[in-house]
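So that you can see what the record holds, here are the features copied from TrEMBL:
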TRANSMEM  32-50  transmembrane segment
TRANSMEM  57-76  transmembrane segment
TRANSMEM  250-270  transmembrane segment
TRANSMEM  290-311  transmembrane segment
TRANSMEM  378-401  transmembrane segment
TRANSMEM  407-426  transmembrane segment
TRANSMEM  433-451  transmembrane segment
TRANSMEM  457-478  transmembrane segment
TRANSMEM  499-520  transmembrane segment
TRANSMEM  551-572  transmembrane segment
TRANSMEM  592-614  transmembrane segment
TRANSMEM  626-650  transmembrane segment
């Protein structure tokens, strides 16, 4: 039995004459230009500075994908217009070149966060060691490594490229067969298409609305203060309302169900046992307390769902290789097709459209997109051999930079990393949420526990970097493949631009961080750049050296239970009839709110409720405009993130801020 859903992943938006456009689609080498690389380097530097600023102050990772596409268009269009007025002949600025710039910039500035400059790398420094306390059990002076440009750049070059090779062979499965939405990638593609399409330019212009700041209503107790304490409130996030409009109803309902199970029942139940199951009075980020349950159980659910689907893909591919006459390969969120005898690649609905008739214009467009996307292949042997060679290099060099992290531990990390990268990419495709830092923490804890007290802290922190780099870059690549697919860009140009952008980031991210490091007291609790997560990562590594016995009571048992539950749910989705399986929730989507707050579920459910009502009132209008509306919400907040970051850099704060709390008796 299949596990299809009964609705399109994204409803129909503006039509694009793919047949006409494809005649003028440049070759993949022509999509990568010198001017594009120059603009990418400039924007990459700017976005690295913004990311460092946000990361070192709030410990957050700003999503600037949309801003990269917008500013890339602005700079190149301005430059070509200026040269044209001077009488120079310039090559036209295509949407494919715009997409390459966006991809390159995202790969570059992503390393400003995933490079650990606000987390695991700073956790190795002497300042963090002193903050925790020289007498703190397990906090050894030997587990200190001062930041240095040389070793940081070398480490990033060693570990940052493997993720690009780990999932490249699965791009057809993730984008065409699974039809994963990757909401940010889809919104960016719509924006780029709008800028380069006369018919879509006005629509794209309407999408960029000024979105409000983070003061006041993002913490509004919508359902009362009691539920607010359990993170059940609407935080007015346009991005996740847009995600709710783009993602299928079953995904959004799964997210909400996960929030109700975790924040509505499980976490209050465990919290009530503080003092019995775990020590009371712990910090919110202490792995010995409720935080340990949140991270561990969420990862158990994610791994259960992700590994099941990864094994399923491998089995399907093996079966198709052995039997070319197989009729179909049904996958978790593929829409029901017209005929069981028609190959999947020829019958899947477009991400923007409902089901098509055989002779419909929409199906022709979809087939043309697939043809362009699959035209420039990335050979499986190339990706596999590239991963093996890079893993061998990293296995040899990483222990030189971090001696406590032995070569065989690095090798084991690279053996299991592709499976984790698939889980992270699959989750990001469903909900637009990447959990690379969560996978990094799990890798940190496991390696630290294996090494023990003699070097376990340093080994765990370094392993965290290895894991974060792989799962994050793999997810970013798949997100950009989605953008490239929708903008008729070559998959090969996307892959090469990711390589170039990653190489830029390996140099630019450490250099821009060094500006902060030399100019400010980074990591100081009294400074402007406190790097709040540095202490958390080091304490987690210290806890890891004490082994799994230090996890809170019943934590491992609960993890095993939820892992098995994820497997059972997936099996049920595959063996039950479609009329039943379409209502069975997706464990991966449920798991994300076990770790994140329930407010994300409220936001996405508001989006799916709007879409549901809209469909009932005027289905055609909803199909025509829902995708554009969702893109506008995501793009608007993404662009405002850049403006908000500049206001923050210059310390321009709102004049007032509302706060909601219980009334005070007088």
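A Cβ is built for glycine as well, from the same backbone N, Cα and C atoms used for every other residue.
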Stretch-level contact, the transmembrane segment (592-614) and the transmembrane segment (57-76), CB cutoff 8 A, at least 3 pairs: no
Contacting positions for the transmembrane segment (290-311) when only residues 6+ beyond its ends and CB under 8 Å are counted: 262, 266-267, 270-271, 274, 278, 282-284, 331-332, 419-420, 422-424, 426-427, 435, 438-439, 441-442, 551-552, 555-556, 558-560, 562-567, 569-571, 586-588, 590-592, 594-595
Which of 57-76, 378-401, 457-478 contacts the transmembrane segment (407-426) most, counting Cβ pairs under 8 Å: 457-478
Candidates 32-50, 433-451, 457-478, 499-520; stretch with most C-beta pairs under 8 Å toward the transmembrane segment (378-401): 457-478
Per Cβ pairs under 8 Å, the stretch of 32-50, 57-76, 433-451 packing most closely against the transmembrane segment (499-520): 32-50
Among the ranges 57-76, 433-451, 457-478, the one whose Cβ pairs under 8 Å to the transmembrane segment (32-50) are most numerous: 57-76
Positions whose Cβ lies under 8 angstroms from the transmembrane segment (433-451), at least six residues beyond its ends: 114, 119-120, 287, 295-296, 298-299, 302, 404-406, 409, 413, 420, 423-424, 427, 457, 459-461, 463-468, 471-472, 475, 537, 540-548, 592, 595-596, 600
